[in-house]
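Database features (Swiss-Prot):
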- 30-37, 149-152, 178, 186-189: ATP binding site (BINDING)
- 37: active site, proton donor (ACT_SITE)
- 61, 155: (R)-pantoate binding site (BINDING)
- 61: beta-alanine binding site (BINDING)
């Protein structure tokens, strides 16, 4: 696998592949890779002739009191994992390469409405940072396909909307959440949890499963949410949000909706965890 910080190197290699009529899939990451990321790379490998990955801890999507400096950097381990998974080209730019004028002078991309809800309300400016860097990476790599995890459901929706609104010729693929044996969604931030906290955090998946069954049984949304909030609090969580929304348009769920998504964000200690579950009801 070739690793480079050079935009021109990335473009030259992708151009060479394209001249041979070959396709390119792209997996953007922030590094500190786990099995969830590797699953994305393997999925990308099944969908295109070549896989490009990136590792960039994007300062634009971190808030003032968030963990940018503490975010783990594990490049050597990540390179080995990406090579084993089948990636052929790795882009590892610095902030100065991505934002040569500095972030304050950077043209940005903002997806209205959905960027201000849920994680966007808790983390103002977060999705502007995500959309801007993903748009820039797409322009650098120019992939046919880009692969993302569905654990970040709102992020995936923001990216799909951006691609559609800006008429980008890129297929966006969402991959099911990969979980630890306990049911806890794999996340780089799980490394901040103690063994006891990890055990407590597995309550998220149990509550999501219970909520899904209650939705299928026709129970009232408000009652379902209240019960789950109680369960999570008893497990040691501090609630950020727990909502049921229409999975297609992200509106607050209505009784007539068929495809729903349950979205949760909660703190275990100082670590913020997110998860979701899509539920399809009988029409």
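Each Cβ is built from the backbone N, Cα and C atoms, and glycine gets one as well.
From a predicted model like this one, the values you see are computed outputs, not experimental measurements.
The structure, with features from Swiss-Prot marked on it.
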| residue | record | Cβ contacts under 8 Å, 6 or more apart |
| --- | --- | --- |
| 30 | ATP binding site | 55, 56, 57, 58, 71, 188 |
| 33 | ATP binding site | 74, 77, 78, 81, 82, 188 |
| 36 | ATP binding site | 149, 151, 177, 178, 185, 186, 187 |
| 37 | active site, proton donor | 27, 29, 81, 149 |
| 61 | (R)-pantoate binding site | 125, 126, 127, 128, 129, 130, 133 |
| 150 | ATP binding site | 156, 174, 175, 176, 177, 276, 278 |
| 155 | (R)-pantoate binding site | 119, 127, 130, 148 |
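Every protein chain shown contributes to the tally, and the Cβ of residue 188 (ATP binding site) ends up with 17 other Cβ atoms within 10 Å. Around residue 178 (ATP binding site), taking its Cβ as the centre, 18 other Cβ atoms fall within 10 Å, counting all chains.
In the three-state DSSP assignment, the secondary structure recorded for residue 61 ((R)-pantoate binding site) is helix.
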